[in-house]
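The structure appears right after this line, and notes come after that.
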Amino acid sequence: MSDQPPYPPQDPNLPPSAATPPPTPPYGGSYGTPPPPPPPPTHDGEGGYGGYGYPAYDVIEAVKYGWKKFMENAGAFLVLGLLAILIPGALSLIGSLGSSTSATVIENPGVSDIVKITAGGGSGVVGFLFSLAAQVASLVITAALVRGALDVTEGRKASIGAVFSRWNLLTVLLLSIVVGIATTVGLLMCILPGLAVMFFTYFATYFVVGEGQGVIDAIKSSLRFTADNAGNLLLLFLLAFVIVILGACACLVGLLVAIPVTTIAAAYTFKSLRNQPVAP
């Protein structure tokens, strides 16, 4: 005979299911419970498991990020800021001086009207050529700034040698011509259409420099991106405008900081609002 005590008799008033104890759940959880979700991204954009994350966008954080990355790469961005101000400005000044000098030479009562007209036309050509050179220089430096801003959001250091490579100069120039014509036509139509063109095509340069898109594709991508994020981008542009104005008021020296900081903030925005990783 076994020494094990018998089980107590079941209560006849209980249903069979109540009298039978439930099975023991598996170790570490219960039946029907899903596994815990992965940890959420941290505030600075790093994912819970390491690596670059997808930060929740905030326009103030974008400007703070621009300042942080500017300070980490101050040498390269200060040089680019100087180039952006000095080279186009110098070319425009030389063109205007050349035009005024030619005009002074022809102000001679003894010179015939035909010679005056010819000389005046030559001075206009000189001014136009230098103005065109200033525009091209400005476009090249702007594209280099965008490349440098994208580099720092991707975890690379900005360097003068690198920022002038890895993008197509001809595409940037063609994009500028197309956008410039559209903007001019828009400004002639009560100004507001021109401002809209400038707003909706601003990020076309980022699509050309950052992703190698062609002119038409870059404009389309910029239109879609801006339309999908119009509220955030409008806030960014207004804040960037204020920063640039303050930089200009500081004897123009502030522009050496304001231009790179706002460009990096735009690159951060370009990445964040498209759910692309951003380097911390």
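Note that Cβ sites are derived from N, Cα and C of the backbone, with glycine treated the same way.
Because the structure is a prediction, the values reported are computed rather than measured.
TrEMBL lists 1-47 with the feature region 'Disordered'.
Annotation source TrEMBL lists compositional bias 'Pro residues' at 1-26 (among others).
TrEMBL lists 33-42 (among others) with the feature compositional bias 'Pro residues'.
Residues 130-131, 133-135, 137-138, 141-142, 144-145, 148, 157-160, 163, 252, 255-257, 259-260, 264 of the same chain lie 6+ residues outside the transmembrane segment (74-94) yet bring a C-beta within less than 8 angstroms of a C-beta in it. The transmembrane segment annotation in TrEMBL covers 74-94 (among others).
Under the heading transmembrane segment, TrEMBL lists 125-146 (among others).
The transmembrane segment annotation in TrEMBL covers 167-200 (among others).
Look at TrEMBL and you will find 184-260 tagged as domain 'DUF7847'.
The feature transmembrane segment is assigned by TrEMBL to 233-266 (among others). Long-range contacts of the transmembrane segment (233-266) within the same chain, counting only residues at least 6 positions beyond its ends with a Cβ under 8 Å from a Cβ of the stretch, are 59, 62-63, 65-67, 69-70, 77-78, 80-82, 84-85, 145-146, 148-149, 152-153, 199, 202-203, 206, 226, 273.
Here the domain 'DUF7847' (184-260) is broken down by DSSP into helix, strand and coil counts: 62 helix, 0 strand, 15 coil.
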